[in-house]
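As recorded in Swiss-Prot, the features of this protein are as follows:
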type     : residues           : note
SIGNAL   : 1-8                : signal peptide
DISULFID : C34-C123           : disulfide bond
BINDING  : Y35, G37, G39, D56 : Ca(2+) binding site
DISULFID : C36-C52            : disulfide bond
DISULFID : C51-C103           : disulfide bond
ACT_SITE : H55                : active site
DISULFID : C57-C130           : disulfide bond
DISULFID : C58-C96            : disulfide bond
DISULFID : C65-C89            : disulfide bond
DISULFID : C83-C94            : disulfide bond
ACT_SITE : D97                : active site
Amino acid sequence: MCLIGVEGNLFQFARLIDAKQEAFSFFKYISYGCYCGWGGQGTPKDATDRCCFVHDCCYARVKGCNPKLVEYSYSYRTGKIVCGGDDPCLRAVCECDRVAAICFRENMNTYDKKYMLYSIFDCKEESDQC
């Protein structure tokens, strides 16, 4: 994710994250650990960072569109995010974002401020495989 030249999907992803959390901002995940932010390498630092690793892997499996640029449809039903639309690629991107938002919520207790604005150069371990 990159804030410069922000496109549609980043805003949607931010809204999904914020919808699943109370008083916790999407921006706390930018440049967190080894995988939250643009790119990624090494071993995820904690469960929160692993959410980003899994999200990156999910995006890598999406075929037929650019996950970081597309806009998809979704709604909230009884407190749950529901991905909509007929396009399989857009639904897949939405599902990646939905699962990540839930993962962040479920792992809020692992969030460690020492990994905020973490340098990718400190992620020297061998990268995990998707």
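Note that Cβ sites are derived from N, Cα and C of the backbone, with glycine treated the same way.
Taking Cα separation as the measure, C34 (disulfide bond) is nearest to C52 of the disulfide-bonded residues C52, C96, C130. Taking a C-beta cut-off of under 8 Å and a sequence gap of six or more, C83 (disulfide bond) has these contacts in its own chain: Y72, S73, Y74, R91, C94, E95, R98.
In this structure the alpha carbons, written CA, of C51 (disulfide bond) and C36 (disulfide bond) are 8 Å apart. Within 10 Å of D97 (active site), judged by CA to CA distance, lie the following recorded positions from the set G37, G39, H55, C58, C65, C130: H55, C58. When the alpha carbons of G39 (Ca(2+) binding site) and C52 (disulfide bond) are compared, the span between them is 10 angstrom. Among the recorded positions listed (Y35, G37, H55), H55 has its Cα nearest to the Cα of C65 (disulfide bond).
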